[in-house]
Structures are given as structure tokens and as C-alpha cells.
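Novice: If you scroll down you'll find the structure; I have some questions about it.
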């Protein structure tokens with residue numbers, strides 16, 4: 001029997017992201033701007049297939065060819081002829097929708113592989129019955145042969161993403177391990193090269209390890225190119241190894257990204273947008289993170305645009321080492337009413353920051369007031385859609401030049417709606433209140449998490465000239481009372497220094513800021529919550545966090561003792577901290593459900609949130625910030641990995657609770673996104689129903705104009721690197 005966690009259930013939630021009204025209100029010029037930005041994002045998003053697993057791109061092409069010839073409703077008769085039951089055909093549609101929604105065959109939230117919930121032979125029979133196979137039998141058979149084994153395989157290493165024997169990754173060749181990743185990071189730091197848009201490939205030549213650091217770029221020449229400036233490409237000797245920096249990863253896709261950015265530029269609203277798009281295009285053309293950083297600077301300066309967007313190799317959650325960015329691009333329209341609340345929060349930021357529990361020396365010298373807007377997503381290309389974003393992720397820009405925050409309103413509206421009968425591990429008395437206040441409380445948490453969580457805190461740095469950005473002789477560690485002895489040097493960054501724990505640690509810090517500051521009455525009033533209602537928001541926000549900590553156990557792999565999802569690891573850590581606080585603040589008990597199966601109950605004493613709870617988060621949050629500010633990697637790992645440990649000893653048997661969580665888990669929702677299409681001088685919005693069939697149709701129509709060309713290039717890119725994964 002295959003564990004159900006590797007299937008997507010037939011009744012999985014699938015919702016259409018509604019942006020009809022937001023798009024309708026755009027001017028013709030704004031619609032064209034949004035259209036070409038969306039095209040750029042969708043083409044770039046295909047790179048995620050190549051960043052996820054060796055088989056993802058081939059499976060994508062197989063599905064595209066099946067459904068381009070026969071939409072789901074038409075293919076159903078072929079499925080019946082192939083002997084599939086209605087349930088098995090629905091399972092296939094859900095699998096296909098899942099692959100599109102995650103841009104690969106591993107869940108974007110949790111990094112677990114998922115396979116079709118039907119026999120392999122039946123799926124093969126369906127492929128053979130299809131019109132696509134009748135039209136091109138040899139091509140379809142070759143495509144099936146190239147991916148069918150891995151499509152269904154659940155070998156231990158293939159069950160999750162990871163480095164070396166811990167899982168599958170295509171950020172590194174199959175012969176790389178953690179030591180290779182660490183060596184490569186040292187090399188990149190020595191050359192002042194960012195890992196964000198790179199992959200690492202290892203081989204041996206003349207008895208020496210040879211590493212290729214491959215940059216994502218449209219240009220494939222490794223020599224200097226007109227318009228680039230100084231090139232970083234070339235061969236370098238480093239610590240008895242040879243490193244070669246080359247170009248051309250995802251070249252075809254990067255070319256399509258750049259071409260559409262150039263088209264969008266013709267419809268830009270101002271000079272900042274034009275310069276931003278020029279730099280982005282330069283980045284994707286030459287593989288230059290410096291150009292992307294320059295584009296991000298213009299993006300920060302583009303205050304309050306009607307159409308907001310960001311694109312690039314952004315989040316490093318899925319790189320097992322925590323340094324390489326997954327491609328994503330979004331295009332969204334500002335929701336003015338909701339944005340007013342966030343603007344009030346921004347204007348209060350300088351009053352709220354001193355409330356955080358660390359000395360002022362550990363806070364940025366100057367808080368650069370960012371944009372904070374609520375957006376209705378038109379396009380979000382990548383492996384998944386978050387609720388909120390704080391970008392750019394470049395430490396040097398965030399510390400001294402600023403950042404932007406966005407909350408994705410139409411995602412929040414549908415992603416976190418909960419049915420009472422599916423609410424697990426809560427007391428019946430809490431469930432109605434949870435359903436009523438989950439949305440409002442999560443809105444507060446997202447706002448605080450993004451703006452004052454990710455937006456707060458100083459990194460102590462000694463630059464290449466030896467200059468410190470803090471008073472080395474005077475600043476004291478509040479935990480020890482002693483002088484600061486560690487800091488970031490030269491080109492070191494938070495990601496490069498803390499590597500494998502950096503993402504989850506930072507999410508934990510931001511979540512703690514949200515919990516801590518949501519106790520502030522002024523914050524709650526900004527979001528329209530006063531009196532008893534405000535207290536309900538606080539209670540449900542804290543209750544949601546401890547429940548999420550328990551649910552987080554789904555994303556822990558006991559065999560490798562590793563976490564597969566940064567946010568859920570962070571929430572488990574917070575649960576451990578609040579359980580440790582004692583005094584009855586949080587109780588977690590195992591039980592037997594009405595169905596006779598193992599269950600659990602988690603409760604929170606609301607009378608102790610402002611006292612016991614606040615004190616516990618205050619202490620922990622201060623530790624997190626001091627360690628981050630001082631680049632204390634050893635202390636950070638000891639603290640964070642200690643709280644992240646999942647065992648069957650101690651006051652709670654978390655390994656057994658994990659089995660209960662898996663037994664009662666609910667699948668994460670998937671989203672159907674609209675397409676845009678130029679018709680004459682106007683742009684049409686093409687929408688689809690919120691179903692597996694609707695999600696599939698949205699993708700087959702997304703690349704309708706050049707589908708065969710796109711698919712051929714995807715297969716070629718995949719084939720080139722196939723030997724690297726063995």
C-alpha cells in the first residue's frame with residue numbers, strides 16, 4: 001500500500017483566483033503592461049520544472065500534448081475505453097492539475113513527491129488511446145518512456161527534495177553533497193558572486209574535482225558581451241579544485257522573459273518602471289544578479305503603482321543549501337481600500353519598532369518607509385502562491401535602501417477559508433470562533449510578519465575596507481552583557497552564512513514579531529479591531545499559531561531527521577517555545593477520536609497570552625535577533641535545531657503525534673489563474689472554472705501560440721542535463 005501523503009485526494013480544494021473587477025478597472029495601457037509582464041512571468045515560470053526534478057519537464061510536456069489535442073471532457077471517453085473508472089480518471093485530472101499548480105511533481109509546500117492515484121498500466125493505456133498518441137505514436141511513446149518510471153517511483157531518496165542521499169534536487173548534480181555546496185559557497189563569496197541564479201554541476205578532470213557554476217541567462221557565450229560590463233565567466237583555481245563560471249542555463253526561457261519585458265516597457269507608466277524593466281532584462285540576458293539588484297532599486301522607488309510586479313530568482317526555500325533562488329514572477333492590481341490599512345501600519349512602524357524586545361543598537365539605523373499594498377493577483381508564476389511577500393531579498397538593499405511589502409488579498413480570500421467539519425485538533429468551543437476570526441487575525445499576522453518581521457533588525461557588518469556599521473567597542477550582547485565578537489565580513493550574507501537554517505529561522509523570527517506586536521492595541525485598531533473583537537483576534541492568532549505548529553509535523557521526515565517546509569518548521573519551533581513556557585499556557589493531549597482513530601487536542605489559555613505567552617515570545621525573539629545580528633552561526637544552529645527536534649521522548653511524543661497529523665491532514669488548496677490575450681488594440685481576460693479541468697485548460701491555453709516550440713525547448717534543456725542526475 002502506498003502512503004496517502006504521496007497522492008493528491010480527488011476532493012482537493014481548487015479555487016479560481018478572482019481578479020475580474022481589478023482588471024476591468026485598468027486603463028488600456030495598464031492592461032497591455034500587465035499582459036506582457038504576465039507573459040514574461042509565465043515563460044520564466046517554466047524554469048521551475050527544471051529546478052524541481054529530472055522528470056518534471058517531461059511530465060509537463062506529456063500532459064500538455066494530451067490535453068492540447070483533447071480537453072479533459074473529451075479525453076474522458078478515451079479513459080473509459082482504457083478501462084479507467086470515473087474515480088481513476090478524476091485522480092488523473094487532479095494529478096495533472098497538481099503538476100501544473102506546483103510546476104513539478106513535488107509539492108511546493110512541503111517538498112514531498114506526489115504520484116497519480118491509479119495503476120501505471122491504466123495511465124499508459126489512456127496515453128495510448130489518446131488522440132495525441134494516434135497523431136504522433138513514436139513521439140508520445142518516447143515521451144512516456146522518458147518519464148513514466150520516475151513519474152510513479154517512490155524510492156526512498158525520491159520521496160522528497162533534498163541534497164545527496166536525503167532527497168532529489170536539480171540545483172546540484174546528483175554527485176554533490178553538503179560539503180560540495182559549502183565549498184561552492186566559499187568560492188562564490190570569494191568572487192562576490194550571488195548563488196541566486198545559479199546551479200552547481202560537479203565532475204572530475206585530471207584527478208581534480210571540477211565544478212561548473214552555471215548562470216541563468218539568454219546569452220550562452222562565456223566571453224564578455226556588449227552591454228554587460230565586466231564578465232564573471234571563466235576558469236578559476238580554488239582550494240585544489242577548478243571552478244568554471246558559465247552561462248546559458250534555461251537560455252531559451254530567459255530569452256522569452258527578456259523579450260516580453262522589453263514589450264512591457266513600451267507601456268510603462270513612468271521612468272522608474274522603464275529603468276526597472278531594462279535592468280531586469282539585462283539580468284536575464286547576461287545572468288547578472290547585479291543588474292537584477294539595480295532593477296530592484298528602481299522597483300523600490302516605484303511607489304504606489306496601479307499594476308505591481310516582481311520577477312526573478314527570488315526565494316531560496318527549495319534549495320537544500322538555502323542559497324539558490326527559485327524563479328517566480330507575479331503581476332497584480334492594487335486593492336486601494338485594503339491598502340489604506342497597510343499604509344497606516346507603515347506610518348506607525350517607527351513607533352512600533354522600539355516596542356520589539358531588543359536594544360536599539362540591534363535595530364536598523366533608519367527605517368526606510370516602504371510601500372505596503374494589498375494586491376489582487378492576476379498572475380503568479382512559480383511553484384506556489386504565498387499570502388504575503390517582503391522583497392527584495394538582497395540584504396544590502398534591505399538594510400540601507402528599503403523594500404516593499406505586499407499582501408495578496410484575493411489569495412487570502414480563498415486560501416484560508418475553513419469548513420468546521422475539517423477543522424482538526426481544536427476544542428468544539430473554539431471552532432466557531434476560529435472560523436469567524438481566522439481571516440481577520442491572519443490579515444493582522446501577515447501585515448506584521450511582512451512589514452515589521454522581515455523588515456526589522458540590523459545585521460552587524462564589517463565591510464571590505466574594514467569599516468564597521470556598529471560601534472564595536474560600545475555595543476553589548478543583551479544575552480551575556482559582553483562585547484560583540486562575531487559579525488558579517490565582506491560579502492557574507494544572512495543566506496550564505498546561515499545556509500540550511502536561514503529560511504526557516506527568518507520565518508520564525510517574523511512569525512514571532514507578528515505574535516508579539518498583535519498584542520498592541522494600536523496595531524489592532526489600525527485593522528479596525530477594538531474592545532472584545534480585538535481580544536478575539538489576538539486569541540485566534542495565537543491559537544492558529546500553536547495549531548499550525550502541530551500541523552507542521554506533516555512536513556518532517558523522520559528517516560532523514562529533516563524538515564521540508566520552512567514556515568511549518570518555524571511554527572513547530574514556536575509551539576515548542578510556548579509549551580516550554582509552562583503554567584498551563586498551551587496544552588497538547590493525545591486522544592481517541594469519535595471514529596476510533598488516534599486524535600489530539602490543543603488548547604490555549606487566553607488569560608495567559610498577555611503574560612506568560614508574551615514573556616516567552618519576548619525572550620525567544622530577542623535571542624533570535626541577537627544571533628542574527630551578530631552572525632553567530634554556531635549559537636543559531638544550537639538554538640534552532642534544538643527546538644526543531646522531533647522525538648518520542650520528553651513530555652510529548654511528537655513522532656507519534658506526527659502519525660496522527662498525517663492521518664487527519666487536509667490537502668493544500670490549488671488555484672486556477674486567468675490568462676490575458678491581446679485582441680486588436682485591447683487585452684481580454686480569459687477566466688476558467690475552479691476545478692481540475694479548469695486548471696488544466698488554463699495551462700494548455702497559456703502557451704497556445706507557440707506550444708510546440710516551447711515544449712521542444714523544454715525537452716532539449718531537460719535532455720542536456722539528464723546525465724547529471726545519475
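Glycine too: its Cβ is placed from the backbone N, Cα and C atoms.
Keep in mind that TrEMBL annotations are predicted by a computer and have not been checked by a curator.
These came from TrEMBL, pasted as-is:
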| type | residues | note |
| --- | --- | --- |
| BINDING | 449, 454, 507 | Zn(2+) binding site |
| ACT_SITE | 450 | active site |
Novice: For the recorded Zn(2+) site formed by 449, 454, 507, which further same-chain residues have Cβ atoms within 8 Å of the site's Cβ center?
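Specialist: Once 449, 454, 507 are set aside, the remaining close residues are 390, 450, 453, 506, 509, 510, 511, 513, 514.
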Novice: Just name the winner among 449, 454 (the binding-site residues) by count of other CB atoms within 10 A of its CB.
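Specialist: Answer by Cβ density within 10 Å: 449.
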Novice: What is the Cβ neighbour count of residue 507 (Zn(2+) binding site) at a 10 Å cut-off, with all protein chains included?
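Specialist: Cβ-Cβ neighbours of residue 507 (Zn(2+) binding site) within 10 Å number 22.
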Novice: So if I measure Cβ to Cβ from residue 450 (active site) and keep only same-chain residues at least 6 apart in sequence, which ones fall under 8 Å?
Specialist: 372, 388, 389, 390, 405, 406, 407, 510
